[in-house]
Amino acid sequence: MACARPLISVYSEKGESSGKNVTLPAVFKAPIRPDIVNFVHTNLRKNNRQPYAVSELAGHQTSAESWGTGRAVARIPRVRGGGTHRSGQGAFGNMCRGGRMFAPTKTWRRWHRRVNTTQKRYAICSALAASALPALVMSKGHSIEEVPELPLVVEDKVEGYKKTKEAVLLLKKLKAWNDIKKVYASQRMRAGKGKMRNRRRIQRRGPCIIYNEDNGIIKAFRNIPGITLLNVSKLNILKLAPGGHVGRFCIWTESAFRKLDELYGTWRKAASLKSNYNLPMHKMINTDLSRILKSPEIQRALRAPRKKIHRRVLKKNPLKNLRIMLKLNPYAKTMRWNTILRQARNHKLRVDKAAAAAAALEAKSDEKAAVAGKKPVVGKKGKKVAVGVKKQKKPLVGKKAAATKKPAPEKKSTEKKPTTEEKKPAA
C-alpha cells in the first residue's frame, strides 16, 4: 500500500488503475491537530441537543410543613395529616423520597456552542490529512489491508450509479468490501435505555464516499450499512472524524479530489472558493530533530563541545582544616604562629614569676630562723626544720585511738574550800 505521494492514481470501476494521475492536494499535507479536531467535534455535536427540563411543580405537589425544633427530629418539611404512612414523612428536599431534584433543569440552558469558522476549517484540514495516512486509518479500525492506494480516488462515472448492486461490485473490486464486512459483524443491540427510544441497533462506521455532484450516487450507496456520503463542498467534521478521532477511510471521486485545492488553497495560493482563507502551515517542515541537529549546516555553526569535567567538591570546614583555611586566608598561618609564640612567652613569664616568689619566701624563712638563733636543718624532701622544735603528732583515728588508755579522772579533795572570810586576812 502506498503512502501519500505527489501523484495519486485514479482507479476505474473495475478496480484497476485507469492510467490517469491526480496531483495530491495541499490540504493532505496540512498539520494534523487531534486536539483541535476533538475540541471542534465536541462543541459542534452539542448543537444537535434537544432542550429538556423537569416540571416546575415536581416534588412540590403536597402540603408539608416543618415541625420546628424541640422534637429531636430533622427540621425538613414533613407531610401533614395522619392515618397513612405518608404523613410525617419528609418532603420537598432533594434528599427526601418524592422530593424535587437539586437545581431543577430549565429549558433556557445554554445548549448550543459557537465555534470560530477558521477553527472549524482547521479541524477539517487535519481530518483530511489524517485520512491519507494508512497508519492512522488502520488505528481507527478500518480494514484497508488490501486497498491498493490511500487516498483512494475513483473515476467520475461512479457518481452516475443508481443501483446498489453496482456500488457493491465497485467496493468489492476496490478491495474495500472488507470494511463493510466489519460493519456487518459489529451490528448489535444497544445497551441501556436507548433501546426504548428508537435507537435499538448500533454498528461500526464504514467508508466515507465523497462526491462532487449527485447523479444518483446517494441512492446507490445509502442502503449499504456503515457508508457515509458527503458532498465535497459541504464537508462535515462530525462525519470525517466520528467521535472526535481522526483517521476515517475516505473514497473520493476524481472531480471532488481535484476541487480540494480550490476549496482550501495551497501554501502558495489562497483558496478561490473561500474568502481570505489560507491553508494552515506546519511550525516545522521536518520534525526529525536528530537529523536537523546532525546536518552539516547546523554542525558548522556550532562550537566544539567542551570536555571539561566538573567534579563535585567535598566542602570542608576551614576552622578544622588548616589547609583549607590557608587557601581562604594565607595570613592565618602567621596569625597562628604568633599565637603560639605569645602563649610560650606568657608561659615563661608565669614560670619565672612563680620561681621568684618561691625564692623570696625562702629568704624570708631563713631570716626568721637566723633571728631565733637556730640553724635550720634540712629534713626530708628538702624541707628546712628548726632544731629543738618538736614535731606535732597527728591525731589518732579509729582503732588506735580506742586502744590508747584514757587518763584517770582526778579525785575530789575532801578538804573544804575556804570561805571568802577565811581567805581574806584580817585587817
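The backbone N, Cα and C atoms fix where each Cβ goes, glycine too.
Keep in mind the model is a prediction, meaning the values are calculated, not measured.
As recorded in Swiss-Prot:
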COMPBIAS  377-397  compositional bias 'Basic residues'
COMPBIAS  407-427  compositional bias 'Basic and acidic residues'
CROSSLNK  K239  SUMO2 cross-link
CROSSLNK  K327  SUMO2 cross-link
CROSSLNK  K364  SUMO1 cross-link
MOD_RES   A2  N-acetylalanine
MOD_RES   K14  N6-acetyllysine
MOD_RES   R97  omega-N-methylarginine
MOD_RES   K106  N6-acetyllysine
MOD_RES   K259  N6-acetyllysine
MOD_RES   T266  phosphothreonine
MOD_RES   S290  phosphoserine
MOD_RES   S295  phosphoserine
MOD_RES   R300  citrulline
MOD_RES   K353  N6-acetyllysine
MOD_RES   K364  N6-acetyllysine
MOD_RES   S365  phosphoserine
REGION    369-427  region 'Disordered'
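Annotated features, which come from Swiss-Prot, shown on the structure.
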| residue | record | DSSP class |
| --- | --- | --- |
| K14 | N6-acetyllysine | coil |
| R97 | omega-N-methylarginine | coil |
| K106 | N6-acetyllysine | coil |
| K239 | SUMO2 cross-link | helix |
| T266 | phosphothreonine | coil |
| S295 | phosphoserine | coil |
| R300 | citrulline | helix |
| K327 | SUMO2 cross-link | helix |
| K364 | SUMO1 cross-link | helix |
Check: Restricting the comparison to the modified residues K106, S290, S365, which residue's C-alpha is spatially nearest the C-alpha of K353 (N6-acetyllysine)?
Finding: S365
Notebook entry, point to check: Cα of R300 (citrulline) to Cα of R97 (omega-N-methylarginine): how many Å, rounded?
Noted result: 78
Next item on the list: Specify the secondary structure state of K259 (N6-acetyllysine) as given by DSSP, simplified to three classes.
Entry: coil
Check: At the level of the C-alpha atoms, what whole-angstrom distance separates S295 (phosphoserine) and K239 (SUMO2 cross-link)?
Finding: 42
Checklist line | Nearest recorded site to K14 (N6-acetyllysine) by CA-CA distance, among recorded positions S290, K364, S365 | finding: S290
Margin query: Among all protein chains shown, how many Cβ atoms are found within 10 Å of the Cβ of K259 (N6-acetyllysine), not counting that one?
Written below: 18
Note to self: Is it possible to get the count of other C-beta atoms within 10 angstroms of the C-beta of the residue listed as 'omega-N-methylarginine'?
What the structure shows: 9
Notebook entry, point to check: What is the separation, in Å, between the Cα atoms of R97 (omega-N-methylarginine) and S365 (phosphoserine)?
Noted result: 118
Checklist line | K106 (N6-acetyllysine) versus K239 (SUMO2 cross-link) - Cα distance in angstrom | finding: 31
Notebook entry, point to check: If you count the other Cβ atoms within 10 Å of each Cβ, which of the recorded positions K106, K239, R300, K327, K353 comes out on top?
Noted result: K239
Item checked: K259 (N6-acetyllysine) and K364 (SUMO1 cross-link), distance between Cα atoms, whole Å -> 134
